[in-house]
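Working notes, structure below.
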Protein chains: 4
Amino acid sequence: MSADYFSDFSTVRYEGPDSDSDFAYRFYDKDREVLGKRMEDHLRFAVCMWHTFSWPGSDVFGAGTFDRPWLNGPNDAAAAKAKREAGLSFVEKLDLPFYCFHDVDVMADADEIGAFRDSFAEAVDHLEELQEQHGRTLLWGTANLFSHPRYMAGAATNPDPEVYAWAASQVRDALEATHRLGGANYVLWGGREGYDTILNTEIGTEMDNFGRFLSLVVDYKHKIGFEGTILIEPKPHEPTKHQYDFDTQSVFAFLKRYGLENEVKVNIEANHATLAGHAFEHELAMARALGILGSVDANRGDPQNGWDTDQFPNSVEEWTLAMLEFLRADGFTTGGFNFDAKVRRQSIDAADLFHGHIGGVDTIARGLLRAAKLIEDGRLEDFRSQRYAGWDGELGRMIHADGTGLADIADHAVSNKLAPERRSGRQEWCENLLNRA
Amino acid sequence: MSADYFSDFSTVRYEGPDSDSDFAYRFYDKDREVLGKRMEDHLRFAVCMWHTFSWPGSDVFGAGTFDRPWLNGPNDAAAAKAKREAGLSFVEKLDLPFYCFHDVDVMADADEIGAFRDSFAEAVDHLEELQEQHGRTLLWGTANLFSHPRYMAGAATNPDPEVYAWAASQVRDALEATHRLGGANYVLWGGREGYDTILNTEIGTEMDNFGRFLSLVVDYKHKIGFEGTILIEPKPHEPTKHQYDFDTQSVFAFLKRYGLENEVKVNIEANHATLAGHAFEHELAMARALGILGSVDANRGDPQNGWDTDQFPNSVEEWTLAMLEFLRADGFTTGGFNFDAKVRRQSIDAADLFHGHIGGVDTIARGLLRAAKLIEDGRLEDFRSQRYAGWDGELGRMIHADGTGLADIADHAVSNKLAPERRSGRQEWCENLLNRA
Amino acid sequence: MSADYFSDFSTVRYEGPDSDSDFAYRFYDKDREVLGKRMEDHLRFAVCMWHTFSWPGSDVFGAGTFDRPWLNGPNDAAAAKAKREAGLSFVEKLDLPFYCFHDVDVMADADEIGAFRDSFAEAVDHLEELQEQHGRTLLWGTANLFSHPRYMAGAATNPDPEVYAWAASQVRDALEATHRLGGANYVLWGGREGYDTILNTEIGTEMDNFGRFLSLVVDYKHKIGFEGTILIEPKPHEPTKHQYDFDTQSVFAFLKRYGLENEVKVNIEANHATLAGHAFEHELAMARALGILGSVDANRGDPQNGWDTDQFPNSVEEWTLAMLEFLRADGFTTGGFNFDAKVRRQSIDAADLFHGHIGGVDTIARGLLRAAKLIEDGRLEDFRSQRYAGWDGELGRMIHADGTGLADIADHAVSNKLAPERRSGRQEWCENLLNRA
Amino acid sequence: MSADYFSDFSTVRYEGPDSDSDFAYRFYDKDREVLGKRMEDHLRFAVCMWHTFSWPGSDVFGAGTFDRPWLNGPNDAAAAKAKREAGLSFVEKLDLPFYCFHDVDVMADADEIGAFRDSFAEAVDHLEELQEQHGRTLLWGTANLFSHPRYMAGAATNPDPEVYAWAASQVRDALEATHRLGGANYVLWGGREGYDTILNTEIGTEMDNFGRFLSLVVDYKHKIGFEGTILIEPKPHEPTKHQYDFDTQSVFAFLKRYGLENEVKVNIEANHATLAGHAFEHELAMARALGILGSVDANRGDPQNGWDTDQFPNSVEEWTLAMLEFLRADGFTTGGFNFDAKVRRQSIDAADLFHGHIGGVDTIARGLLRAAKLIEDGRLEDFRSQRYAGWDGELGRMIHADGTGLADIADHAVSNKLAPERRSGRQEWCENLLNRA
Ligand SMILES: [Co+2]
Ligand SMILES: [Co+2]
Ligand SMILES: [Co+2]
Ligand SMILES: [Co+2]
Ligand SMILES: [Co+2]
Ligand SMILES: [Co+2]
Ligand SMILES: [Co+2]
Ligand SMILES: [Co+2]
């Protein structure tokens, strides 16, 4: 069914900035060393099975526009198999190492819990073969706990414990599958873990149930010997009015509250950062400061639209800023850059899937190269260090010394008649440096 | 100088909903009992000394428009004294119990640290007399750590420890003054505790310095025997691009990180909630769930404008939702509702100060009455309780029981072939109930 | 199939503010006179056939949740018939005078153009009977030019003239059907009349094609003798990145450019106003000032969410402001208040459709009563008139007199040494007056 | 007083992309030909006298931070003279051709109307000398009709005709001065031409007064023989809640309404575009489509902050998109790129003024070079043309032919059984092409 869907396309290769091809990498040169590491090892790119293979091109105002063979009929066993084959074959054609999936993305539809588990099990068996065959592996797996009507009021935060139990079953199976398929991480995105109206909602109860769920998942991970990282993906809202995992700081609050800050990290999505009112690089910098940077969903939003447009990244400038924070954080351990991105609804050709991914890969690769250049140049980092140099001086050390009290510091100011000299923050100069990279 | 500024106005009294006067309360009836407590004791209203007495009606695009006698020349000792007198006299005319101030709001200007402290000390002596004379007291004090150019890069998060030491001196004095004046709380609003560009900023260092500062303040509070509450006021940005105390969840993350979650609470401002992308009632509900609801700044924003407009509250509907959360949280202990609000720049008459405060007081009072009615009616609360009833049932208790693992819950779902019944969330019905109150 | 869907519900009647029923009007008393007109005649309420009868409760992240009999299988002739019957029967149960539809809402699916026309014709025949039977009529009809994949790049602004021709066929038929069914208006909502990326778009060409289309529709309306009003519904974006009919001023620019400002009016949607960065009442006031206020879609957005949530209106405060502008504009001629609103995805019961509409009707009715009270009171209107009184004075008349030049006015200022006295704008007092209504 | 303020800095010259200097242009090579025109003639850069010379570094939350000699005392004749000298000397050091001013930026303070005019006249005499001496000239002049308290409720939209007359006097003088100084344009920015609350506002009256004002200005321009362009600068809000000149489409509506669309063009500010919910390039493309592109204020906003941050442009990507529209529109006739931008409040050094302007100039120059490369490459333009090719075909021509009616087009669709083929919009491919430039 899908065997031939990408047959017109060759494997995408690095051809350098001057290539004339629409189907080549200009900046992503996987074996090139950047600050002592191969680009492929830095970036750990992954293709997603949902937007790219399961979405028909529909939106709230209109039906699907794409002509994908595996989506043209019911999502039965044959269609799901064709989709999996198309998926892994596409990842190989892009020569990227990883893919990601929700349980429902890779399996035939099934409503009853036993049938659901069987269908998923069949998919996992097949994926194991396909990974081998195509030489690709799993960046992360997850369970879809938001699309089925049963989850209309949330999964781990649902008022009904039976829904919670269903979710537990899906997560157990998805976690085990991820483990078996060699997945590097397991993600929880709380699609509907929030509320639509506070009038019918008890935030405290819901957060406690959610904290309990996450603790159980962490315990189970250890029990089965899964060594990947558990990740939470923050998002402020949509489809809910408000989601508890609003942003990185909110997730940290949640993790600390339930004692999980050393067990769970964040999967930061660029689009979700901006929906939360933050720059993408802010979320990375905050995750670095809090020690919970795990992985990244590399899709952007539209700066003028207030919903999750999930577009392929195309701003090298935004990604230079992001990769500066990424490199300052020493990059990923188990994480990677996943394209949780969809081609536009009008981009109906198979070629468009290539354009989207190739553009995304090169945008990020070029951001990495520019950030590395800035770090090697050193001026920006030096300026920043100098700005905080006083904290290594006498007064800075006194302030942090055991036994120092507020009055000691205040007395120091008074008795030395401190009148601190103002120093320029040099924002425009910093921005100019960035543009020179 | 200001003795006569309000001489045309009588004390504002409760006259009931049918009053024809522009200068009467229609809903705020301070001695009326609502759910077993006097309205005055529920609401604990405070007038602020900054917007209402120190701001001349300027904005970024234009000069001051108001004709306040104490602002027409330099802010010297005589002007500051006149301002303090006008302030306390106004609070008495409104018959509200409290006021709030920053150090610089109530004192004559002084640049050198010794002169600054002397000027503030003089102000505090006078305020002590005025409190006695007018029968009013202090809801909270604070130090202004953002207006002077020395704080252009923050106070506790400044790259320069000398600025930090200056801030320590101001806070020590303001905290001591608050203690001496019988203040019920002490507030820290991190006006510039954030960053303008991440390019010159080290978030980790700044947050650690800020955490240290807050710990020192808490220690000092105990040392001097101040029994009021220490409060942090979240705000997402403005004047900075990003402020660390973005919202209630961010503040909780910060407090947990530095072990201060039992020492410090939040002072939630309605306008800051909406700037952070939250409904006002959301921030209250979240603070309740996290156990850190301290006090409230009762000024609103404009739903179409993206800056802190600091307007007097006038939506009874918004305040009914807010007061529901407030009552669910059992109201304030030490906190109160402070009018961190300014009359519009075109509202140049002394009468406009009355209109702003009277409208705000009545809006909140009416919200309280409506919320109380809803709680007494019980249907909304019952519906909400019923929605979560499953958590008191067998499955709900099993999920939270010691020793239960993820697999136990999943097995329960599988072996019982759970297919949870969907129940309506009844949002429109809830909203209709609200409108009937 | 749907005969019994609403059989548990009686006709909704006015029972007054003290009614205990969840299924009664508290403020909408259709025969009550308000400022000389019956409420029913003022408000001209309409139920929509799309959200309320054609939408299954799906969103971008999940499948439908509702159990409507006519939506449970393919949308064939029997299902479409059942839907039409359910629709008109519901409007009668609500005792509202009008309904609205897109062609595809009321007909069986058909892809080929001939079959499409036949299917629609069958639906119109049936609607004519149902209108008679239920004593309801059509506020407006429209054609859906955005859901079918052929419209993915717009209808009248599509780069392909064949799509434009398809749209012309749909609009011809929908306009004729509206005429035949006695519709009071015909609406064009440019669902995808805009662009997703400016890189592949020629705005000038698209706007000229759109202008041509609208001119042709106006000509055709006159040709067939339709005396209803042609309406354009502004929306700033979603699903497109940018829509040409951004807001009322944009539509006016468009109408003026193509000479249609006396032929076409606006259908203002509250939710679209706020998405465009405007208060709802602003759009009404602007349409009044420009003389193009036609009709209103009465659904609200969520102030914290950046997409079209299409919720039932529930803010009496917002609607008091809106109805003030409405009454100042002397209300509707052919327009009405249409509920382009959907119950929340969790509101799965038939009862929830009643709650949504009843709450919406009463919110608007109460807004009307409050606005009328303010107008009868007169103080607000008087204050506003007084503010502009100078324009009826000598200088005001001189400024507008024929022959007056800039220099004449400037000379007046100079020779009279004008130093205009400042007068308070009294915003807080105005807001307080509003809250007393 | 200011003679030496920039004495440490040499004239900024083009040194090419590999320059090591912080004080050189890397892309702005004024004599280089781009698409047949010198860069200097394309770009026509201007420095503004307000943010760069009149603003002390204050914001709503704090006092000025800069140490500019001419701002350290009262704004008397000597200070104003020093400021003008510093201004023109700085423009020369940047080797840019133009500057811009409001009347009050260049003159000593004066309150009484006669004194005000004398003070401004003195400033204009001096500017005439300075232009000669420094070899610079005026891109545009304007009058500040928003900072003085008399304008708190607007200028041409003020309820008080005396304020209107004051504004007429300022505009007459500023227009004459602009004419005398050889200014290429005259700008009106309606700082407070809008409203704070609709409750006290009559939009219709205010717009009519504003339309009258603009007509009078246009007449006066012709009367005195000024051949520059009259420009209106759109802005959606701030400081007002709502401004009538919301965006380019709103301004066009206004111009059409008062018959001024051939007399007045827009001065588009990047920051105002984004505050209005538009991409910057959208506003340029719309102005091109409407034939009213006049000039540009080249300052950006912060994508996460909801107020006018007025930062120097630093996104080459944003400016490549903008310059594509600029080149498609055949660039400026009388307009130019004006830096209505301010260095950050922490950027307190004289050097920072250079960093801001140099970065801005190079960002725009580089955008121009990239856009020119795309146009020379031709693929993007070709793809776009091909997309609309059908409009030059038979059906496209028929649709626009005289005598064609809606029914003719519909009949064509029906009789040909049109089923239009879908073609990819290729958004990702377009974005990739852009990134290759
Ligand atoms: Co994601
Ligand atoms: Co997303
Ligand atoms: Co506050
Ligand atoms: Co505030
Ligand atoms: Co609508
Ligand atoms: Co809508
Ligand atoms: Co500007
Ligand atoms: Co601006």
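Note that Cβ sites are derived from N, Cα and C of the backbone, with glycine treated the same way.
All annotation found in TrEMBL is predicted automatically rather than curated by experts.
TrEMBL lists C:His102 (among others) with the feature active site. A sphere of 10 angstroms centred on the C-beta of C:His102 (active site) encloses 23 other C-beta atoms.
When secondary structure is read from DSSP and collapsed to three states, C:Asp105 (active site) falls in the helix class. The active site annotation in TrEMBL covers C:Asp105 (among others).
The feature Mg(2+) 1 binding site is assigned by TrEMBL to C:Glu233, C:Glu269, C:Asp297, C:Asp340. Around the Cβ of C:Glu269 (Mg(2+) 1 binding site), the number of neighbouring Cβ atoms within 10 Å comes to 28. Secondary structure at C:Glu269 (Mg(2+) 1 binding site), as computed by DSSP, is strand.
TrEMBL lists C:Glu269, C:His272, C:Asp308, C:Asp310 with the feature Mg(2+) 2 binding site.
Annotated domain 'Xylose isomerase-like TIM barrel' per TrEMBL: C:112-282, in sequence order.
A C-beta separation below 8 Å, combined with a sequence spacing of at least six in one chain, links C:Asp310 (Mg(2+) 2 binding site) to C:His51, C:Asn271, C:Asn299, C:Gly301, C:Asp340, C:Ala341, C:Lys342.
C:Asp105 (active site) sits 21 Å from C:His272 (Mg(2+) 2 binding site), taking the CA atoms of both as reference points. Listed in chain order, the extra residues whose Cβ falls within 8 Å of the Cβ center of the Mg(2+) 2 site residues C:Glu269, C:His272, C:Asp308, C:Asp310 are C:Lys235, C:Ala270, C:Asn271, C:Leu275, C:Asp297, C:Asn299, C:Gly301, C:Thr309, C:Asp340.
Here the candidates are the recorded positions C:His102, C:His272, C:Asp308, and by Cα distance the one nearest C:Asp297 (Mg(2+) 1 binding site) turns out to be C:His272. The Mg(2+) 1 site, placed at the center of the C-beta atoms of C:Glu233, C:Glu269, C:Asp297, C:Asp340, has further neighbours from the same chain whose C-beta lies within 8 angstroms: C:Trp189, C:Lys235, C:Asn267, C:Ile268, C:Ala270, C:Asn271, C:His272, C:Val296, C:Ala298, C:Asn299, C:Asn338.
C:Glu269 (Mg(2+) 1 binding site) sits 10 Å from C:Asp308 (Mg(2+) 2 binding site), taking the C-alpha atoms as the reference points. Comparing C:His272 (Mg(2+) 2 binding site) with C:His102 (active site), their Cα atoms are 19 Å apart once rounded.
Proximity of the recorded positions C:His102, C:Glu269, C:Asp308, C:Asp310 to ligand 5, judged by a Cβ distance under 6 angstroms to any of its atoms, singles out C:Glu269 in sequence order. Classification of C:Asp297 (Mg(2+) 1 binding site) by DSSP places it within a strand. Counting Cβ atoms from all protein chains shown, C:Asp308 (Mg(2+) 2 binding site) has 24 others lying within 10 Å of its own Cβ. The two recorded residues, C:His102 (active site) and C:Asp308 (Mg(2+) 2 binding site), have Cα atoms 18 Å apart.
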